[in-house]
Structures are given as C-alpha cells and as structure tokens.
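**Student:** Checked Swiss-Prot, it gives:
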| type | residues | note |
| --- | --- | --- |
| DISULFID | CYS3-CYS24 | disulfide bond |
| DISULFID | CYS6-CYS11 | disulfide bond |
| DISULFID | CYS17-CYS42 | disulfide bond |
| DISULFID | CYS46-CYS57 | disulfide bond |
| DISULFID | CYS58-CYS63 | disulfide bond |
Amino acid sequence: LTCLICPEKYCNKVHTCLNGEKICFKRYSERKLLGKRYIRGCADTCPVRKPREIVQCCSTDKCNH
C-alpha cells in the first residue's frame, strides 16, 4: 500500500506503508477554511477523530488525496 504524506491540499509525496499498515488516512480541522493543513499517512487502524476534526480513511493506493 502507498499513501500520500504531505500537508498541502495538492499532494504528490508518496510513502510505502509498513507491513500491517493497511489504511491510508487524512485528518484536518473542520474550523480552518483558509490555510488548511492536512495530516496524511499510513495506519493499521483508522485514527480516532478528535473534536472539531475530520478523519477520512481508505485502503487503496494514494486514496488519501
């Protein structure tokens, strides 16, 4: 599995996930409209959502755009 890993909206940095990591995720604050920063990466399970945060998980290559 390969996931995107950069904080910008349009991302093309790809990371090959470790064995056992079967999920790509993207998380970001639902409050910031301008200058939104994304946290992207690989995970073994979908990260838990914090208050006022959006978390999206998927399981195909580069799906966390």
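Placed from the backbone N, Cα and C atoms, the Cβ positions cover glycine too.
Show me how these features fit into the shown structure, please.
**Tutor:** Long-range Cβ neighbours of CYS3 (disulfide bond) (same chain, at least 6 residues apart, Cβ-Cβ under 8 Å): VAL14, HIS15, CYS17, CYS24, PHE25, ARG40, GLY41, CYS42, ASP61, LYS62, CYS63, ASN64.
If you draw a 10 Å sphere around the CB of CYS6 (disulfide bond), it holds 16 other CB atoms from the protein chains shown. DSSP assigns CYS6 (disulfide bond) to coil, not to a helix or a strand.
A strand conformation is recorded for CYS42 (disulfide bond) in the three-state DSSP classification.
Neighbour density for CYS46 (disulfide bond): within 10 A of its CB lie 15 other CB atoms from the protein chains shown.
Counting Cβ atoms from all protein chains shown, CYS63 (disulfide bond) has 17 others lying within 10 Å of its own Cβ.
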**Student:** Could you state the whole-number distance in Å separating the C-alpha atoms of CYS58 (disulfide bond) and CYS6 (disulfide bond)?
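**Tutor:** Each residue's Cα considered, CYS58 (disulfide bond) and CYS6 (disulfide bond) end up 16 Å apart.
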**Student:** If you skip the near sequence neighbours and keep only those at least six away, which residues in the chain come within under 8 angstroms of CYS57 (disulfide bond), Cβ to Cβ?
**Tutor:** ILE23, CYS24, PHE25, ALA43, CYS46, PRO47, ASN64
**Student:** Counting all other Cβ atoms within 10 Å across every protein chain shown, which of the disulfide-bonded residues CYS11, CYS17, CYS24, CYS42, CYS58 scores highest?
**Tutor:** CYS24
